[in-house]
Amino acid sequence: MNKTTEYIDAMPIAASEKAALPKTDIRAVHQALDAEHRTWAREDDSPQGSVKARLEQAWPDSLADGQLIKDDEGRDQLKAMPEAKRSSMFPDPWRTNPVGRFWDRLRGRDVTPRYLARLTKEEQESEQKWRTVGTIRRYILLILTLAQTVVATWYMKTILPYQGWALINPMDMVGQDLWVSFMQLLPYMLQTGILILFAVLFCWVSAGFWTALMGFLQLLIGRDKYSISASTVGDEPLNPEHRTALIMPICNEDVNRVFAGLRATWESVKATGNAKHFDVYILSDSYNPDICVAEQKAWMELIAEVGGEGQIFYRRRRRRVKRKSGNIDDFCRRWGSQYSYMVVLDADSVMTGDCLCGLVRLMEANPNAGIIQSSPKASGMDTLYARCQQFATRVYGPLFTAGLHFWQLGESHYWGHNAIIRVKPFIEHCALAPLPGEGSFAGSILSHDFVEAALMRRAGWGVWIAYDLPGSYEELPPNLLDELKRDRRWCHGNLMNFRLFLVKGMHPVHRAVFLTGVMSYLSAPLWFMFLALSTALQVVHALTEPQYFLQPRQLFPVWPQWRPELAIALFASTMVLLFLPKLLSILLIWCKGTKEYGGFWRVTLSLLLEVLFSVLLAPVRMLFHTVFVVSAFLGWEVVWNSPQRDDDSTSWGEAFKRHGSQLLLGLVWAVGMAWLDLRFLFWLAPIVFSLILSPFVSVISSRATVGLRTKRWKLFLIPEEYSPPQVLVDTDRFLEMNRQRSLDDGFMHAVFNPSFNALATAMATARHRASKVLEIARDRHVEQALNETPEKLNRDRRLVLLSDPVTMARLHFRVWNSPERYSSWVSYYEGIKLNPLALRKPDAASQ
């Protein structure tokens, strides 16, 4: 069999159509497929003429009228995006110097926006009312938190062993031996550090406690009259003048899962009858060439199966500027002016049509809302770790989300996905300038969502959480190490954001959001320092002789004291703050029904197991987050390349590599404390033994087999597992379908396979006008690639080839026309098997 016959056999067409094609050479085949009978100056450009025919062979249902167009050079091109209508979107430079801002105000140059002027009188009154209520509520929260912290800190001071604070006079130590002075001061310096850290950490815990408590009351009693969800009935028709874009920025994601969730979401939107009000944009920043080709294939299949031509678009950026935020900004500049709203989706997001329509209705009912964040529910994972986290977020999450809404109202959080945004003010106010300066906290902003919410609020637009709007879903990391990789990015981003704490015009609530974002990770090293100082104090107490006389001519000694009853009382009250939100959560479930959680006994047992699990993981996260914070401040780059895992499980080798130092620290800490004082080891036991067990917990919790076993036992059961909503059922069904027809080694198939080459050629975006310089560059790229083995062709060079329709056509022609010359490519491709279902429907392929 010659190569021409093999080439024809690779086409997904009937035998009669194959027989009609010429068998003489590859060029003749392309000429026969070219309905326009074009002539090409170069022989290896002939595949460009057959692109349309090859696309129609493989994806006939994806090529509606107008889907295939001509570029400026007459080459066939898939119209994957609508015509751009550009808008101006540029950032204002950050001004973080409060002295400079004060000087501007003195000179009358303060340009703080007067946003209320755009509202009607009735809207202004409503706006002022909830803002006043929100301010009062937050003052109450501040008073409660600080009062609780002051009482607890004073209580902590009374139970520390060294109580000679008032007798220490530095002037009395002048002329005294330095070592004696140091030993006198050391216990009190340690205790001072302990008290300061205790106050900060207790304040942090207290704020969370009051947030959960108010969320509990909110959910138990019913709606707050200031809830944004109360502003609509829920069945109002959508305004046809206000169109919404569903945008999904992706980067090297699981293609099968991305398009399964997106299809389920779109099918749900169609079921509402409101699909005409929505468009979908898949905004790819992927830089893995194999994934890029797989995305193109999945997009073609998606628009064919849902009839999405003209409504579902795909674009891959060649210049990945500013990561996700830059991708969204790029969409806004090119197509944002065509839409009133946009809903940002993550790669794992799934939303029901009712939820999306509900968000649009809320936007239309609240003309001063800039961002409305839904409350996504976690579901869809099977590992023990993920199921435990899903259960925790499903049980405790509603309390904290409702509590956040209670305290913040329309000056709330935006989490970067599953939220609707008013496009015009976003374009005008939410472009992000890079942070000035040098170092690890300068440059492009990493955690863009909090900053965009702060800028939206600074411009006078509300940022709300629709915490009681159902139908919003996401997925969690499958194991601890994957979660920590994500935390590494979030930690750095939140630390960077704190530089904006003093930026001009930021609302106090969003300054507090920046502070809480930092504390989410800074609390870890603070907790570690608290434990270290407590241990050091115990070492001093055990190994040194107490200083009974701190002043000259002191009549009575100062005895170190130990008051275990007070220590236990303080410990118990702190535990109440930590664990009462969990108890309130389970009380709420007991009151409203436990059936969807497996019943009374199973949900209670699941709660106890989750508490144990969180106790085991807290010290592990503490140490990792401490490393993340320190590395960010020191400018260290933490390299974390985890191996690919088919079942999302952590291997023993990787676990001991990541957790080995923690295990060693736990052993040394435990042995040292046992040697010094067994009683103190009792207090440290939850921490040191968690560190010792960390590799074992990490591995076992990452196993899907263990997670599925708990699912069969109805432990960690959530409503989405007990009675899955249709959109999640569809996601699983589409995911299985996509996996059956998945495409691996996409770049090599785009070079060799006639159908995938046509797809890559038609979707290539580097469509320059002809020039001699460009032709020389193209020939150089093609020759250099073919003169090397495919294994040596790196990612960036593959992307350059994949982005140019001419280079893809020439590569395709040469490997088929001269297989002997490019034998290394041919032999490499022969070792790759194309999924037989990749080019046709599974039922058709099996016939």
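Using the three backbone atoms N, Cα and C, a Cβ is placed for every residue, glycine included.
The model shown is predicted, which means the values in this text are computed figures rather than measured ones.
For 1-139 (among others), the entry in Swiss-Prot reads topological domain 'Cytoplasmic'.
Summarising the annotation, Swiss-Prot assigns transmembrane segment to 140-160 (among others). The list of residues near the transmembrane segment (140-160) in space but at least 6 beyond its ends in sequence, with Cβ under 8 angstroms from a Cβ of it, reads 191, 194-195, 198-199, 202-203, 206-207, 210-211, 407, 563, 566-567, 569-570, 573-574.
The topological domain 'Periplasmic' annotation in Swiss-Prot covers 161-193 (among others) and rests on sequence analysis.
If you look up Swiss-Prot, you'll see 194-214 (among others) marked as transmembrane segment, on the strength of sequence analysis.
For 215-512 (among others), the entry in Swiss-Prot reads topological domain 'Cytoplasmic', with the evidence type sequence analysis.
Residues or ranges marked as transmembrane segment by Swiss-Prot: 513-533 (among others).
The topological domain 'Periplasmic' annotation in Swiss-Prot covers 534-569 (among others) and rests on sequence analysis.
Per Swiss-Prot, the feature transmembrane segment maps to 570-590 (among others).
Note on the topological domain 'Cytoplasmic' (591-602): DSSP counts are 8 helix, 0 strand, 4 coil. Annotated topological domain 'Cytoplasmic' per Swiss-Prot: 591-602 (among others), in sequence order, evidence recorded as sequence analysis.
Per Swiss-Prot, the feature transmembrane segment maps to 603-625 (among others); the stated evidence is sequence analysis. Same-chain residues lying 6+ beyond the ends of the transmembrane segment (603-625) with a Cβ under 8 Å from its Cβ atoms: 388, 391-392, 395, 480, 484, 487, 491, 521, 524-525, 527-528, 579, 582, 585-586, 589, 594, 597, 659, 662, 665, 686-688, 690-691, 693-694, 697-698, 701, 715-717.
The topological domain 'Periplasmic' feature in Swiss-Prot is assigned to 626-679 (among others).
Taken from Swiss-Prot, the feature transmembrane segment applies to 680-700 (among others), supported by sequence analysis. Non-local neighbours of the transmembrane segment (680-700) in the same chain are 384, 479-481, 531, 535, 538, 615-620, 623, 649-652, 655-656, 658-660, 662-663, 665-667, 669-670, 673-674, 706; each lies 6+ residues outside the stretch with a CB under 8 Å from one of its CB atoms.
Confidence in the topological domain 'Cytoplasmic' (701-847), given as mean pLDDT, stands at 91. The annotation topological domain 'Cytoplasmic' is assigned in Swiss-Prot to 701-847 (among others).
According to DSSP, the topological domain 'Cytoplasmic' (1-139) comprises 72 helix, 6 strand, 61 coil. Distant neighbours of the topological domain 'Cytoplasmic' (591-602): 220, 395, 713-715, 717-719, 722-723; these residues of the same chain sit at least 6 beyond its ends, with a Cβ under 8 Å from one of its Cβ atoms.
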